[in-house]
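J.: This is the structure I have questions about; it appears just below.
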Amino acid sequence: MSRKSSDNDYNLRSMSNLMGERRKKVNDDGERSLIKASSNASINSLAADVPANAATSTRDLEREARKQFQQDVTPAFVYVLAAFSALGGFLFGYDTGVISGAMLLLKREMNLSALWQEVLISSTVATAALSALAGGLLNGVFGRRVCILLASFIFTAGGIVLSAAPDKEVLLVGRLIVGLGLGIASMTVPVYIAETSPPHLRGQLVTVNTLFITGGQFTASIIDGAFSYLRHDGWRYMLGLSVVPAVLQFVGFLFLPESPRWLIQKGLTQKARRVLSQIRGNQNIDEEYDSIKNSIEEEEKDCGGDGPVIWRMLTYPPTRRALLVGCGLQMFQQLSGINTVMYYGATILQMSGVRDDKVAIWLAGVTAFTNFLFTLLGVWLVERVGRRKLTLGSIIGTCLSLSLLAIGFLLSAQHTPPVTLHPTDPSMVNSTCNRHLLCEPCMLDPGCGFCYRENSTALFASSCVPVNTASTEKAAWGRCSNSTQLRVNTYWAYNYCPTSYSWVVLLGLVLYLAFFAPGMGPMPWTINSEIYPLWARSTGNACSAGVNWTFNFLVSLTFLHVAQNLTYYGAFFLYSSLALLGFFFIYGCLPETKSRRLEEIESLFDNQLCSCGATDSDEDRQVEYIRVKGSNYHLSDNDASDVD
Ligand SMILES: O[C@H]1[C@H](O)[C@@H](O)[C@H](O)[C@@H](O)[C@H]1O
C-alpha cells in the first residue's frame with residue numbers, strides 16, 4: 001500500500017505518539033501488546049494472534065485515541081503566535097500602502113517636488129532591502145523573538161517621527177526608520193511562524209502573514225481615503241496610525257516565546273523543550289524534539305565547513321539550489337508588477353481614463369481589497385492543492401491578465417482622440433506639444449497634456465499644451481490653466497487619454513489580482529520560510545527578502561519611465577513576458593514542500609536544480625502502521641476516521 005498525498009504528517013505523528021504512550025501503558029499491565037511497524041507491506045496476517053478478551057479494551061482504546069487525536073491536532077496557542085507575528089505583515093502592508101494617499105496631501109502642504117516625492121516613497125523600500133540582509137545576521141545571533149521585538153520597536157519610533165515631522169527632511173528620516181523595521185520584519189516573521197507551526201498547518205499560517213500584508217495595504221487605502229478629506233495635517237494621522245499595531249505587537253512579544261528550533265541550535269535544550277510543549281499543547285513532543293536535534297547534528301556534520309554562512313550555502317549544492325529557487329521566486333513576484341498596481345493603482349486607473357481624483361483613490365481601495373480577498377483564497381488553497389500547483393496556476397493567470405491589461409491600453413491607444421485645435425503661446429515656442437496630432441503621443445510626452453471639452457455624447461475642442469512646471473494638475477497656459485474653467489466641462493488629462501476602453505483595463509486589473517494574490521503573492525514568502533535547513537534559514541530568508549525588496553524598488557521606481565518610453569501597453573506586455581519567464585522557472589525548479597517536515601525538505605534539493613517537475617510525487621513517503629491487539633491501523637493521510 002502506498003500513501004498518496006500526505007496532508008497530515010503531523011497528525012500522523014501525534015497519533016503515533018499517543019499510541020506510543022498507550023503502548024507503554026498496556027505493556028506495563030502485562031496483558032496486551034501493541035506493535036508498531038513501519039512498513040509498506042500489508043499487515044493483515046499479524047491480526048490472527050490476538051486474544052479475544054482484548055477486543056473491548058481495544059475498542060475503548062480506539063475511541064479514546066480518536067478523541068484525544070482530534071483534540072490534540074492544533075493548540076490555540078499556535079494561532080495566537082501566528083496572529084501576533086503576522087502583525088509584522090500588517091505593518092509591512094500598511095507602511096508601504098499608506099504613502100500613496102499621504103503623498104497627495106504632503107505634496108501640497110510641503111510643496112514637494114517630484115524628486116522629493118520619489119525619494120520619500122523609494123527610500124523606505126531601499127532601506128528595507130538593506131535591513132532585510134542585515135536581519136539575517138541579527139536573526140542568527142539574537143533569535144527570531146528579539147528581531148520581532150526590535151522591528152516593532154522601530155516601527156513605533158518611525159510612526160512617531162513621521163506623524164510629528166515638521167519638515168520634509170524629518171519625514172525622510174521617519175521613512176528611513178520605517179524601512180529598517182520593514183526589512184527585519186519581512187524576513188523574520190515568516191521564519192518564526194514556520195518554525196513554530198505544525199507541518200500540516202505551516203503553509204496556511206505563513207500565508208496568513210501575507211494575508212496580513214494585503215490587509216495592511218487595504219486598511220491603508222481606507223485610512224487614506226478617509227483622511228484625504230482632512231486637507232490640513234491629514235497625512236499625520238495616516239502615517240502615525242501605524243504606531244497602534246506596532247505597540248500591540250511589541251507588548252504581545254514580550255510574553256511570547258522564542259522559536260524552539262533556534263533555541264535547540266543555540267544549545268538551550270531545556271528551554272526549547274519547554275517552549276515546544278507549550279506550543280504543542282498536551283502532545284508528546286519527544287519525536288519532534290529529537291528530529292530537530294538530530295537534523296541539527298547532521299547538518300553540522302554535513303556542512304561543518306568554515307567561512308560565513310552565505311559562503312557555505314553557496315558551496316553546498318542543496319542549499320545553493322534552494323537559495324536560487326527562493327530568490328528566483330521573490331524576483332519573479334516583483335517582476336510580475338504587483339507594486340506598480342499597489343503603489344500606482346490610482347494613477348493606473350487614471351491612465352485608463354478614470355478622471356476624478358477621489359474616484360481613483362477609492363477605486364484603488366477596491367484594488368487593494370481584491371488583493372486581500374484573493375490572498376484569503378490562497379490561505380485556503382495552500383494546504384489543499386500544495387505550493388507548486390498554486391504558484392504555477394497563479395503565475396500563468398497573472399501572465400494572461402497582464403496581457404489583457406496591455407490589450408486594454410493598446411485599444412485605448414489605437415482609438416485615441418485627435419488634437420483638433422493647435423493654439424501656440426509665443427513665450428513657449430520651443431515646446432513640442434503643438435506638434436502632436438493625437439492624444440496618445442501628447443500624453444506620453446512628459447512636458448505636455450491633453451486639454452479637451454466634452455458634452456454628453458462627444459469630445460471636442462481638444463488641444464495638446466505644455467504642463468505647468470509647478471503642478472501637473474493644470475496646463476501652463478490657456479483654458480486648462482484656469483481652475484474655474486476646469487470646473488465646468490473642460491478637462492485636463494495629463495497622464496491619460498479619454499477612452500471608452502477603461503473597462504478592459506479594469507477587468508484586466510481585477511483578474512490580475514485574482515490570479516496573483518492567492519499564489520504569487522504569498523508563496524514566495526511561504527516557500528522561502530521552509531526550504532532552507534536551520535543553519536542556513538536566517539541567511540537564506542535574508543537574501544531572498546533582500547531580493548524581493550531590491551526588485552520592488554527597481555520596478556516601482558522605473559514604472560513611470562518604462563510606461564513613458566514603452567507606452568502603457570508596452571510596459572504591461574513587458575511585465576507579462578517576465579511573468580511567462582517566471583512560469584518556466586517555477587515549472588522547472590520548484591519542488592512541492594507541502595506537509596514535509598522542515599527537517600526533511602533539504603533532501604528535495606539533492607537533485608539537479610531543474611528536475612523538480614519530475615520528482616514531484618509523494619510516492620516514496622512512509623506509511624506508519626500500528627497494530628493494536630487484533631486491529632490493524634493504517635494511519636492514512638486524511639483524518640482520524642482511518643482508525644476505524
Ligand atoms: O507578497 C506581497 C504582497 O503581494 C503585496 O501585495 C506586495 O505589495 C508585496 O510586495 C509582496 O511582497
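The count begins at 1 with the first shown residue.
Here the Cβ of each residue, glycine as well, is placed from N, Cα and C on the backbone.
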J.: I'm validating the feature mapping. Which of 1-31, 590-620 is tagged region 'Disordered' in TrEMBL?
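T.: That would be 1-31, the stretch labelled region 'Disordered' in TrEMBL.
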J.: Quick one: find which recorded stretch in 114-134, 146-166, 501-521 has the most Cβ pairs under 8 Å with the transmembrane segment (394-413).
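T.: Ranking 114-134, 146-166, 501-521 by Cβ pairs under 8 Å to the transmembrane segment (394-413) puts 501-521 first.
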J.: In the same chain, who gets a Cβ under 8 Å from the transmembrane segment (359-382) while lying at least 6 residues past its ends?
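T.: Those are 97, 100-101, 104, 203-204, 207-208, 210-211, 213-215, 217-218, 220-222, 224-225, 228, 341-342, 345-347, 349-350, 390, 509-510, 513-519, 521-523, 526, 594, in sequence order.
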J.: By a Cβ-Cβ criterion of under 8 Å, what residues six or more beyond either terminus of the transmembrane segment (322-344) are in contact with it?
T.: 96-97, 99-100, 121, 217, 313-314, 367-368, 371, 391, 395, 398-399, 402, 509, 512-513, 516, 520-521, 523-524, 527-528, 531-532, 536, 540-541, 543-545, 547-548, 551-552, 554-556, 559-560, 571-572, 575, 578-579, 581-582, 585-586, 589-590, 602, 605, 609
J.: Could you give the residue numbers and ranges of same-chain residues that sit at least 6 residues beyond the transmembrane segment (172-193) on either side and whose C-beta is under 8 angstroms from one of its C-beta atoms?
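T.: Contacts with the transmembrane segment (172-193): 81-82, 85-86, 88-89, 91-92, 95-96, 99, 119-120, 123-136, 138-139, 144-145, 147-148, 150-152, 154-155, 157-159, 161-162, 165, 202, 205-206, 208-209, 239, 242, 246, 259, 525-526, 528-529, 537-538, 541-542, 544-546, 548-549.
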J.: Among 114-134, 146-166, 235-256, 542-562, 568-590, which stretch has the highest count of C-beta pairs below 8 Å with the transmembrane segment (76-94)?
T.: 235-256
J.: What else in the chain is close to the transmembrane segment (542-562), if you only count residues 6 or more beyond its ends and a Cβ gap under 8 Å?
T.: 118, 121-122, 125-126, 128-130, 132-137, 139, 182-183, 186-187, 310, 323, 326-327, 329-331, 333-335, 337, 339-340, 343-344, 347, 524, 528, 570-571, 574
J.: With pairs fewer than 6 apart in sequence excluded, do the transmembrane segment (114-134) and the transmembrane segment (146-166) have three or more C-beta pairs that lie under 8 Å?
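T.: With fewer than 3 qualifying Cβ pairs, these stretches do not touch.
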